[in-house]
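See structure below.
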Amino acid sequence: MRPILMKGHERPLTFLKYNREGDLLFSCAKDHTPTVWFADDGQRLGTYRGHNGAVWCCDVSRDSTRLITGSADQTVKLWDVQTGTQLYSFNFNSPARSVDFSIGDKLVVITTDPFMGNPSTIQVKSIAPHPSDLLTIKGPQGRINRAVWGPLNKTIISAGEDSVIRIWDSETGELLKESDKESGHQKTISSLCMSADKSHFLTGSGDKSAKLWDSRSLTLLKTYVMDRPVNACAISPLLDHVVIGGGQEAVNVTMTDRRAGKFEAKFYHKILQEEIGGVKGHFGPINALAFNPDGRSFSSGGEDGNVRLHHFDPEYFSIRM
Amino acid sequence: MAAIDSMRPQAAKLRWGELDEDDGGDLDFLLPPRVVEGPDENGIKKTIEYRFDDDGNKVKVTTTTRVRKLGKARVSKKARERRNWAKFGDALQEDLGSRLTMVSTEEILLERPRAPGTKEEPTISDGLGGVQPGAVLMVCRTCGKKGDHWTSKCPYKDLAQPTETFVDRPSTADGPSAAPSAGKSTSYVPPSLRGGAERTGTEMSRRRNDENSVRVTNLSEDTREPDLLELFRTFGPVSRVYVAIDQKTGMSRGFGFVNFVHREDAERAINKLNGYGYDNLILRVEWATPRPN
């Protein structure tokens, strides 16, 4: 395939998100400016100006009219997708790390980092009819890297630096389930991706593995092993594939020529857990991965500031294991 | 006659002496119109535009793009509408020349993991696989890959260059190759000679090369490394050349060393070039170390 390189960001990428129809790609980076691109040819549509810190995460509403972004400048901002105007800003006492729209786009779950004595929190806010606070959950130690809505908005699933996945009741904030310490991840969980129907999700961790879990029972389903710490993961909506992208052990940093384009996103068969292949090209660790909802293309964002958009060759769809 | 005259386009002959200095911007009608040569069978589309640059010169800008159909997409109505949205934010200042989004020139494959025991696919021997017929052949000296990029654009720019380099380093006999550890510990010690430096690797490759070292004497005053390299490379790959230069005058001291990668090439060079007339002097070319067996 001929990847399309999008060099709009000057700093490392942090997150990538497609809209529901798969024609827009939103990219967040440490350079304060989330950007939206056309997902078919990679042309830039626009940027959202207003943040003063690294933008960690974003989510887009189902009708692609609202974008929400969480940033290290201690705000979460709501934007109009088409014009780039900022509609609302939630303020916090600490950097906001993860944002996720609920099904129906009326609520949003936000996580904030531990900062200056404040512990990390998971907060639920409502967007419509008007912005208001609903719930605050405190409890996990360390940074919560990602929190998403569970199936039917009944639960919130969170994962973070303490390598434990927790499922909370979204109305009362009560802790319902925790992942098992032995079989779960051993190091910080860097990323979490729900399947298209939210029945299972994939977590990537610094312990060089990614694990697939059931959303309701939190049973460990599959484990995929890499040779490097995992920074990003994604589940294909079309085939039984998962893709994981990682970084590099700190020990090896000085020995690798980062210009060689050797960092790859690895594809695994979701059920057989076997490696299908790797797609090279990034000049730095891969920090973000996302599949287009139609499953025919995917994009990766790296520490090098580049977004690479890949449309699969026809051979991809006939891979047999 | 009259009919033909009236059909001539509006750009009548202007007397430039009558033009105002400030009229620069209004001269757009002098420019030929933009021509778009649509995608041909290879998908190449050429857009020829004319404009005036800062000095008032008429500039022809030819943009060649390749239009490639990636595949059919079933696009929803909303998505089609979004295609026509106006650009906002930083994208407002974008012009056609901005190279934010580019299609990679390299073909990237989903590389299947090789099961242990299977052989690697043999690479196309002439290294030209993938180059379109008729395209400019781009050769990169660093990685040797043809058809992809020029040397200055090589992504492997800083990696170890292949053996054909002229590095100004003394080979063995002459020069400050003696360990500078004798006496002054405060003077600068190059990393290769410091304690704990990786000796064995460099020594082994250097030793093998030093057995192929050729001493060249009776060099003229302005002979330098590039000259020796050019003279000797016809016999085979050269790993190192050195010309002893008098620091004060900058002239060659009359001798130098050439290290060949292969012994046979060194031997042939000695046989051919000993007694060869080079720049008004007769060269003397011999083995550098006492004849190694």
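Keep in mind that glycine also has a Cβ here, set from the backbone N, Cα and C atoms.
Feature annotations, reproduced from TrEMBL:
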- A:6-47: repeat 'WD' (REPEAT)
- A:48-89: repeat 'WD' (REPEAT)
- A:137-178: repeat 'WD' (REPEAT)
- A:182-223: repeat 'WD' (REPEAT)
- A:279-309: repeat 'WD' (REPEAT)
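Across the repeat 'WD' (A:6-47), DSSP helix (H, G, I), strand (E, B) and coil residues number 0 helix, 21 strand, 21 coil.
With a cut-off of 8 Å between Cβ atoms, the residues of this chain six or more beyond the repeat 'WD' (A:6-47) that come close are 53-60, 62-64, 67, 69, 71, 73, 81, 84, 284, 287-294, 297, 299-309.
Nonlocal intrachain contacts for the repeat 'WD' (A:48-89), taken as residues 6+ away from its ends with a CB within less than 8 angstroms of a stretch CB, comprise 11, 14-15, 17, 19-21, 24, 26, 28-36, 95-101, 105, 108, 110-112, 125, 127, 131, 146. Counting residues per DSSP class in helix, strand and coil order gives 0 helix, 22 strand, 20 coil for the repeat 'WD' (A:48-89). Summed and averaged per residue, pLDDT over the repeat 'WD' (A:279-309) gives 92. Helix, strand and coil counts under DSSP for the repeat 'WD' (A:279-309) come to 0 helix, 19 strand, 12 coil.
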